């Protein structure tokens, strides 16, 4: 029975070509594509730098083998990938380090053995590590043994910052000051000081990394902030004007908030902001509520369905009466509290509750010595981060706001939109620095540990540009950082092919379509006979011009000279160009003797007659006319 089925299959298969059903191989392998986006200068971890220098060469080789690499063969050769698995479960340990979520922190299992159950592979004896350091140049037999676990190594594997590869979403002509990535991670918005907003779609973008739409929200005003709605169907655009705009997902304008009356002194009586906006953010949960701050010294809560008036006006607490600009604003995770950074350096927090007013619940009078550029709540509502133009980043405990928990100094900040971002698990927080001529580092991303409040890593983004906005997307596991200067700007996307998902991986792998010789695009011709005379196409007058050129009278074409004896009543040039000349020459009345005469003698033969019998001009000057003196020929002068 099986032989009959095989014969039937062979007979049917013979009717089709050999290539039928076979998939064509990809031209460029995926690994080669990602190799082109590898960062040239990998980031160095501050916590890992000291421990790496103290390890031996075999330990460093073992650490390098733990990096995600293709599966090695069964041959235990150290130079061809990681060591083979051990029967004690070391294979599971390696897989856990290289793939999957970060492992939890150890709770004293490695420090003291009190009879507790050990989870994972057994650590090597303490004497082996010292012997390994002494015999660094010796020949090692067998697979590499793991080194002693160090806290810094565990932290480095625990953080797992995806910075191995990098792409740049360009297109802007100035620094990129605003960034927004939707919750699904498919679309990216970037706003710049060149007054435009560019929209990128990872699913529809190829390796050219071009935006599919460009907007200019408000002519002549810089883009200062962008924020997606919770459902990612609309986004808020805040510019330097006094009116914020709402756009849909495709970039079409849905509405513009009203501008207030600048001649009304009390800001609570105005319908909107009266000065340029500084920041704006969508409510984290409510789809119809947004928050904006302005240079007029107020924060306003708006309803997206009503563009004519705001819902609530918040006036910050001031030491002296006047108008101090509000430089930034932020919601907490649940949308129950609002934070504002005031131009005098104070930080104020309001709780949204029934009957609440403009009096802040938390007031830090001297939070910073300069303008505050960003405020960020943690998801658990215990930590508040603040970034300022005084080159510092401060960590605040919301339960005790009298003093900051930690102050990080020497972080240059020259832009009013420099922000802070948390990692997906909020173990880290990061911020960017501005470029300064005195320093040699350029724009850098700084990563800090939230629990230990210390610097973890510094990632260089650009040597000549400043890093303004940053974000770490939880679903994509990719880091976005905007940079630029006065002449160019772009969004840098950092990712790791083994840790990240979708996003940059999708667009880098899709190559642009190659143009074919058979491509042909017809240029459309639109005929509109009923258009107004101003917009009507001018009729073609080519035939009329050709007819006019052929007509000698209309074209005013001169007559060409006749050659030869002449014809058609015209006399040739050899006999004279006019009929009268021709007749006089034939009759002997005109004799052409001028070619044989001397012109001087022809004139002087009339001198005696003019002197004796003057007719016209000479009588009027008879008394005053000087005697003409003619030069006499001198043979000596002529010889000279």
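Any Cβ shown, glycine's included, is placed from N, Cα and C.
Where the annotation comes from TrEMBL, it is an automatic prediction and has not been curated.
Since we're looking at a predicted model, the values are computed, not measured.
Summarising the annotation, TrEMBL assigns compositional bias 'Polar residues' to 21-38.
Residues annotated as compositional bias 'Low complexity' in TrEMBL: 53-78.
With a cut-off of 8 Å between Cβ atoms, none of the residues of this chain six or more beyond the compositional bias 'Basic and acidic residues' (546-559) come close. Look at TrEMBL and you will find 546-559 tagged as compositional bias 'Basic and acidic residues'.
Summarising the annotation, TrEMBL assigns region 'Disordered' to 20-133 (among others).
Here TrEMBL flags 532-566 (among others) as region 'Disordered'.
The annotation region 'Disordered' is assigned in TrEMBL to 618-640 (among others).
Restricting the average to the repeat 'WD' (169-210) gives a pLDDT of 91. If you look up TrEMBL, you'll see 169-210 (among others) marked as repeat 'WD'.
Outside the repeat 'WD' (270-312), and at least 6 residues removed from its termini, the chain residues within Cβ reach (under 8 Å) are 221, 224-225, 227-231, 234-236, 238-244, 246, 255-262, 264, 318, 322-335, 338, 340, 416. As annotated by TrEMBL, repeat 'WD' applies to 270-312 (among others).
Note: the repeat 'WD' (365-406) comprises 0 helix, 20 strand, 22 coil (DSSP; helix = H, G, I, strand = E, B). Residues or ranges marked as repeat 'WD' in TrEMBL: 365-406 (among others).
Here the repeat 'WD' (270-312) has, by DSSP, the following mix of helix, strand and coil residues: 0 helix, 18 strand, 25 coil.
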